Every structure is written in C-alpha cells, then in structure tokens.
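Quick look at what Swiss-Prot lists:
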type	residues	note
TRANSMEM	24-44	transmembrane segment
TRANSMEM	59-79	transmembrane segment
TRANSMEM	99-119	transmembrane segment
TRANSMEM	124-144	transmembrane segment
TRANSMEM	149-169	transmembrane segment
TRANSMEM	183-203	transmembrane segment
TRANSMEM	229-249	transmembrane segment
TRANSMEM	295-315	transmembrane segment
TRANSMEM	323-343	transmembrane segment
TRANSMEM	354-374	transmembrane segment
TRANSMEM	395-415	transmembrane segment
TRANSMEM	418-438	transmembrane segment
Amino acid sequence: MIWHVQNENFILDSTRIFMKAFHLLLFHGSFIFPECILIFGLILLLMIDSTSDQKDRPWFYFISSTSLIISITALLFRWREEPIISFSGNFQTNNFNEIFQFLILLCSTLCIPLSVEYIECTEMAITEFLLFVLTATLGGMFLCGANDLITIFVAPECFSLCSYLLSGYTKRDVRSNEATMKYLLMGGASSSILVHGFSWLYGSSGGEIELQEIVNGLINTQMYNSPGISIALISITVGIGFKLSPAPFHQWTPDVYEGSPTPVVAFLSVTSKVAASASATRIFDIPFYFSSNEWHLLLEILAILSMILGNLIAITQTSMKRMLAYSSIGQIGYVIIGIIVGDSNDGYASMITYMLFYISMNLGTFACIVLFGLRTGTDNIRDYAGLYTKDPFLALSSALCLLSLGGLPPLAGFFGKLHLFWCGWQAGLYFLVSIGLLTSVVSIYYYLKIIKLLMTGRNQEITPYVRNYRRSPLRSNNSIELSMTVCVIASTIPGISMNPILAIAQDTLF
C-alpha cells in the first residue's frame, strides 16, 4: 500500500515536471529556435539509425549538415533583434552571444566534411560520431547564451562529455585511450574547481545565480571586495583556463591533439576555444565588475605564459598535431589580449574577428593533415618533405594556412593580429603587445620551417611516404578538399577587406 502511494506521488511529480518543461518550451522555444533545430536533427539521426542499415550513411551526413546550416540561417534572421532574457533568467539572447553561436555552428559545419573520408577509411561508427558532434555543438551554443551559474556549469559539461567520448573514439589506439584518460581526469578536476568558485560567488552575493543579479547582490551585501570574491575569481579562472588551455593549464592539450582522431582534434581545437571565450568575457566582465584590475592581471599572466611557452615549445615538436597543439596555446594568448581590452578600444570586436580568421586557418591546416595522413599513414613533420612534387594543391594549401597562422601579409591572419595588437596598444597593454609581436616572429620561424620541407624539390630529401604518395580513390575525397578550399580562401581573401567584418563584430555589445 505504501509502495503504491509512493509510486502515484512519483508519477504526479514527474507529470508536473514534464508539464512545466513543456510550458517553458512552448512559450520560450522561439528564443532557442536554432538550438531546437539541432535537437530535431539529433532525434532524426537516432530514428533513421534505428530503422535503417549502413547503406543510408549519406543521409547521416546530409541531416547533420542540413540541421547546422538551417540553424545558422535562423541565427542570421534573428540578427539585430533586441536582447531577450528567457527561461526564467537562465538564457540570454543578444548579438554578442549570437555571433559566438554562429562561430561554433560554422566550425561544426566545416568539420563534418573533414570527417567523411576519415570515418570511411577507419570504419568508425558514423551515427555516434555525428551525434557527439551535434550534442557538443548544442552544449557550446547554450554556453554562449547562458545567463546564470547553473547553466554556465551544465552547458560546458554537455560539451566536455561529448569531447571525452570523441577523443577516445578510436578505442583500439593506446595513445587515444591515454589522451582520453588524461583529458577526463583533468576535466573533472577543473569542473570541481569551477563549481567551488561558483559557490563562493553564490554565497557572497546573497544567494543569487543570475549574472547581473550577482552584481546587485554583491553591492547589497558589500562583499565585492571580500576575500571570498578573490577565491571565486582564482577558482573560476582555473576552471575556465582548462577549457581555453592557456599555459599553465595546457597539459592535456598536446596529448589529446596527438592521440585523438584528427577530425576530432580539428573540431575541439576551435569550438572549445570559441565557447570558452564567450563564457569568459561574460563571467569576468559582469560578476567580477568590481575586480577588473585583479582579473586583468591574472589574464595578462596567462597570456604572457601562453605566448612564450606555446611558441617556444612548438619549435621542438616533430609531430604536426603536437606542433599545432602548442601553436594553439600561443594563439589563445593573442585572443586573451582582446578579452583584457574588453569593450573599450574595440577589444571584443578584434577578438571576434581574429577568432573567425583562426577558425579558417586552423581548420584548413587540419584538413591538409587529414588528407596527408589518410594517404600516407604518418603525422611526422619530416615526412612532409617534397610534398609539392606529388600534390602541389595540398602543399600550397598547407603553406597558405600556415603562413596565415604565422601572421604574414597580406593573409587574413596578419590583419587579424594587426588589429588585435593595435587595440591592445591603444588600451595601454604595451608589454603584452610587445610579447605578442616577438612570439609571432618565433611562430613564423617554425611555420616557415615546415613550408620549406613541403616545397623542397631535391630527390634526396623526399621521404618514402611522399615518394609512394597516392591520391585517394574515394568520392568522399571531394568533400574534404571542398572544406579545405573554403578554409584556404577564408584564410587569405578576407584580410584585404576587413572593414565589413569589423563593423559586424563591433555591433556585438552585450
């Protein structure tokens, strides 16, 4: 009898929760319409996978890509609308959040074609791979629009769990298992530290969880200069630092880059940084408004360490993926300059512009690595020697993306860095910008070293991998080369006409 009553109570409680969730979705669903499109795509993928055989694999790519493109279209139609807070203050929709959501969707849209040939050659499960990619994208989008501490914690965990599963997708690879274990342990530790910081912020503000209400709560409790806020700031910086992977929170990055499947690395290398940057700007700028000097100092230290260590250690690497791992650590140091400058002097606009260029440069380089790896089976830098003699298009594409990453004119990377450094200089960050300029010169050195290997024409320097190089006969080869071409074009041409891009980025105040 008692069990029967408890069961009825459980059913009633579950029904109330479901009806409340349905009510929220019914009245607030339009505010998360791009996210709802991805959710619908996920459900459609699961339905088709459970009712069809492997012959319908092209449909999986089509559904995933289409849902991402429709979601991008929905975002563009919603551009310039008034800021809206929905779901009882949990989610905010404004131009600033939407441009980061657009960047995440763009990353995912470009990464799916990069994965087609790799998945077919390695015979990985296609449905689960695409499900994890779309779910991670969904988590990143919710993180960009998160407006309270609970959502800011849950959304990146959704992204992180999918990242762990993707990095360990090749279960038989020992390096992949080792990288996943390190990624999982460090990710769990960083999440606990992040929650610890949130708890201090929650208590100091008098029990507030919305970002703007936390500021009001700190004013009411007079705790905005208390030691608890300092503890919260340090803990949250450590937690977000793991997602951004600046030095010294970069230990997981080289191993995960080297051990994970290359398309997964391409996806994680850009989406995680875009989502974490969006979250960092809002967390530091709003709840820690009264501690701006402190978090500026912390981020300056992280930026200096990242730019110096990332670029210096990259010189010594022999693996292309590990080299790009340390290069990404240096690149996030440049992005942090934009976060420090903030809304004044177009800091956010320069950061967003540089991230757009970084997406194309980085994904273009990884597309070249995917193609070369599938056709030769190697990732070693010295094995790229003489690639120009066998595949001029691939060698030239690699060279352009690497030169753009290094910031050589007239490529997009040069203009992105130029505007970022100029904004930092105007804001008085002279030492930080000087370090950025010096480390950019260092990065040009190791990028040019690889380009020299690519373009060498002497027979004695051409490796057996390149000598036996063969193009892939698969038709899906067209999709990866299409993505590579798009990324190469985006790494070169937009730099010449930056004004429209900057104008759009400057319209993203929150």
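The backbone N, Cα and C atoms fix where each Cβ goes, glycine too.
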Ask   = With an 8 Å cut-off on Cβ pairs and a sequence gap of 6 or more, do the transmembrane segment (149-169) and the transmembrane segment (99-119) reach 3 or more such pairs?
value = no
Note = Given the transmembrane segment (229-249), its same-chain partners at Cβ distance under 8 Å and 6+ residues beyond its ends are 156, 160, 186-187, 190-191, 193-198, 200-201, 204, 218, 223, 272-273, 275-277, 279-280, 283, 288, 290-291, 294-295, 298-299, 302-303, 305-306, 308-310, 328-329, 332-333, 335-336
Remark   = Ranking 295-315, 354-374, 395-415 by Cβ pairs under 8 Å to the transmembrane segment (99-119) puts first 354-374
Request  = State the non-local partners of the transmembrane segment (395-415) in its own chain: residues 6+ outside its ends, Cβ under 8 Å from one of its Cβ atoms.
outcome  = 327, 331, 357-358, 360-362, 364-365, 367-368, 384, 387-388, 440, 443-444, 447-448, 450-451, 454-455, 484-485, 487-488, 490-496, 498
Ask   = Apart from its near flanks, which chain residues at least 6 from the ends of the transmembrane segment (295-315) lie with a Cβ under 8 angstroms of it?
value = 233-234, 237, 241, 246-250, 284, 288, 323, 326-334, 336-337, 339-340, 429, 432, 435-436, 439, 442-443, 445-446
